[in-house]
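Under the heading transmembrane segment, TrEMBL lists 83-109, 121-138, 150-167, 280-303, 323-347. TrEMBL lists 234-362 with the feature domain 'Palmitoyltransferase DHHC'.
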Amino acid sequence: MEEPLCCCEYVDRRGRRNHLAACCCDCEELDDGCDRWLTCRSLPPGALERIADTIADRLRVPWFSGAVKINVSLVPPLVLLPVFLHVAALHFLLGLIILTSLPVVVLWYYYLTHRRKERTLFFLSLGLFSLGYMYYVFLREVVPRGHVEHSQVVTLTCGLILMLAALSRAKKDPGYLPIPAGNEKPSHQGLHNKTIRGSSGGLHGISGAASSRAVNGEAKGYCSMSAEQPAGVKKDWCTKCQLVRPARAGHCRLCGRCVRRLDHHCVWINSCVGEQNHQAFILALSFFMLTSVYGITLTLHTICRGRSLFVALFYCPGAYSDYSSALSFTCVWYCAIVTAGMGYILLIQLLNISYNVTEREARLALRDNTGRRLLGGLVIDTGQYNRGLLCNWGHFLSLGASPPQRSAEDIV
């Protein structure tokens, strides 16, 4: 029987038992990379990825049942965000450069991970740590000045707790479709020669599609919504999950699963937004907007006394008179930039709900040139599920409800 791991031991990515003390030993990829760099030779394809994988595998902390691996994407926000904000508070020009470059760096990293089709905790950790650090700066630098009442602190804290509760709910199952047992990939010839109704997997997919249409509020009896039957096997058959997708479901290439009424994969929650968590996602965005705007207002009224909110945001002569005020003012601008981005996301989401269209459907409509651009291109109306403002919002508020029982004749 193999001995249990001590607190500093772990099993590496190659399945071998290793120790934290040997983290710098037997690193062939790094040694070869350094040799090539010293001799001015180019690295072979994939060398940087292998070096990064090795470093990520050996970056661990001791734990009771063995050393625990640290996700590398969690480290940059925890280290760089406080450093950047404190440096930006030293001078107005430094703040202008750093606060301008931060969104550019975040967008660049987003497109990098999106192109590589990788899931990352960077954005989730950045969002959560930003919330925690802004709240810490507010309690440490703003509240002691005596211009913020205790009831206002309690209100801000409650808004933060409600936002985190909604975020926790949005992180749960977005509505993953169950993977069929066996999951054997049929041949391409079988797909061309057999219809869906000719297989048990097809019958399961069709019944699942009918149930999903009832859940989505598109079944008969709710504002006269009805979903069209799938055009064929190729349209609804997912080659990755090996199942027939119901109406409005989609496959997320980052999660590797099919999701009911897939809207999009949100990097800020590191999960898909689908039928089961779309409402919680909207709640989290709404609570964030309200809490952030409220915190910005309290801070500006404290460090820029006697000025209105918008005037104080752009003109606050005493903001850099002392380091505490400068740090608070820098954090206000950081919050304002993040709030503007999240406000745009919330606006698009509310418009899409009003027209009963998902981000995925809008993207496909643009690709196939089957949708209409409305409100200056902010929303793409496909016209397929739009049944009016009230019915569309009623449909959204009914997401996740238990599907009604339907007879076999209705399904067929």
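The backbone N, Cα and C atoms fix where each Cβ goes, glycine too.
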Message = Can you see whether the transmembrane segment (280-303) and the transmembrane segment (121-138) are touching - at least 3 CB pairs under 8 angstroms, only pairs 6 or more apart in sequence?
response = yes
Message = I need to check the long-range neighbours of the transmembrane segment (150-167): which residues 6 or more away from its ends have a CB within less than 8 Å of a CB in the stretch?
response = 131, 135, 138-139, 143, 269, 280-281, 283-284, 287-288, 290-291, 294-295, 298
Ask   = Where does the mean pLDDT land for the domain 'Palmitoyltransferase DHHC' (234-362)?
value = 91
Task = Six or more residues out from either end of the transmembrane segment (83-109), which same-chain residues have a Cβ under 8 Å from its Cβ atoms?
result = 122-123, 126, 133, 320, 323, 326-327, 329-331, 333-334, 337, 341
